[in-house]
Amino acid sequence: MKIISDIDELRDQLSGQLRTAFVPTMGNLHEGHLSLMRLARKHGDPVVASIFVNRLQFGPNEDFEKYPRTMAADVAKLEKEGVYVLFAPTEKELYPEPQEYRVRPPDGLGNTLEGEFRPGFFEGVCTVVTKLFSCVQPRAAVFGKKDYQQLMIIRNMARQMAMPTEIIAAETYRADDGLALSSRNMYLSDSERAEAPELYKGLNFVAEEVRKGNLSVTELEQAAMRLLDGRGWKSDYISVRKRANLQAPDAAELAAGEPLVVLAAARLGQTRLIDNLEI
Ligand code: PAF
């Protein structure tokens with residue numbers, strides 16, 4: 001595997017490659033990321049990964065400085081997966097001057113859920129993904145459903161901007177107890193790690209009730225949040241939304257069987273976890 005930090009060198013290395021499949025990451029790779037690499041292989045060749053902890057998508061009080069950086073271990077994992085190139089630019093390479101041109105998602109999708117609790121997050125994500133796509137020029141790129149809203153925003157962005165990149169969705173990779181794998185799980189203490197699957201249980205509770213025909217979704221959402229908060233969590237939201245646009249369904253849409261997803265974000269101690277479940 002070639003490790004490249006320079007954009008011109010990356011372009012030289014990939015010149016003539018028309019079927020590149022790309023997996024952008026912020027590093028600290030776990031099995032979930034590796035499952036994205038395996039899916040990428042089915043959608044193109046060569047597989048290119050990137051590792052870049054993108055300052056633009058972190059709020060002032062978020063964990064940019066302490067975000068885990070584990071380059072040597074990450075490189076060994078990617079080598080094993082047969083990744084062809086790892087693009088690992090420095091901040092100076094990707095943002096040599098203040099990044100004044102930004103890509104901002106539309107208000108409806110960009111300001112709800114994660115967008116409400118993490119202002120600027122999706123603008124940072126869209127801007128860096130656009131820039132990474134411009135460097136790698138992939139035919140396909142893989143994003144996990146664990147970050148459901150991110151996946152949807154990037155898919156819409158690629159479509160509306162006529163990017164020549166197909167956005168591929170990868171299923172969420174879960175531990176045996178149901179916890180979705182995430183780099184931030186490493187912040188959890190042993191007792192928090194034991195508690196963490198309760199978030200997924202909360203999602204399952206809401207999804208099961210809706211499947212059984214209980215369409216009082218506001219009450220279900222509040223009940224699930226109360227349950228978590230009673231166990232010591234601080235929930236930001238548990239919310240049933242339409243899969244099509246992540247807006248809240250109205251009664252008629254619920255009754256008509258609109259495809260739904262329930263999304264959650266909650267803090268356990270210092271760690272903020274997100275998860276979701278299609279209903
Ligand atoms: O999901 C992530 O790891 C990041 O948001 C991404 C897509 C690599 C952009 O920095």
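Please read every residue number as a count from 1 along the shown chain.
From the backbone N, Cα and C atoms, a Cβ is placed for every residue, glycine too.
TrEMBL does not curate its annotations; it predicts them automatically.
Copied over from TrEMBL:
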type     : residues                : note
ACT_SITE : HIS33                   : active site, proton donor
BINDING  : 26-33, 144-147, 181-184 : ATP binding site
BINDING  : GLN57, GLN150           : (R)-pantoate binding site
BINDING  : GLN57                   : beta-alanine binding site
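Structure with TrEMBL features highlighted.
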| residue | record | DSSP (3 states) |
| --- | --- | --- |
| MET26 | ATP binding site | coil |
| GLY32 | ATP binding site | helix |
| GLN57 | (R)-pantoate binding site | helix |
| GLY144 | ATP binding site | strand |
| GLN150 | (R)-pantoate binding site | helix |
| SER183 | ATP binding site | helix |
- Query: Cβ under 6 Å from ligand 1: which of the binding-site residues MET26, ASN28, HIS30, GLY32, GLY144 qualify?
  - Reply: MET26
- Item | Fewest other C-beta atoms within 10 angstroms, as judged across HIS30, HIS33, LYS146, which are the recorded positions | HIS30
- Query: Cα-Cα separation of GLN57 ((R)-pantoate binding site) and HIS33 (active site, proton donor), in Å?
  - Reply: 19
- If you draw a 10 Å sphere around the Cβ of GLN150 ((R)-pantoate binding site), how many other Cβ atoms fall inside it, taking every protein chain shown into account? 21
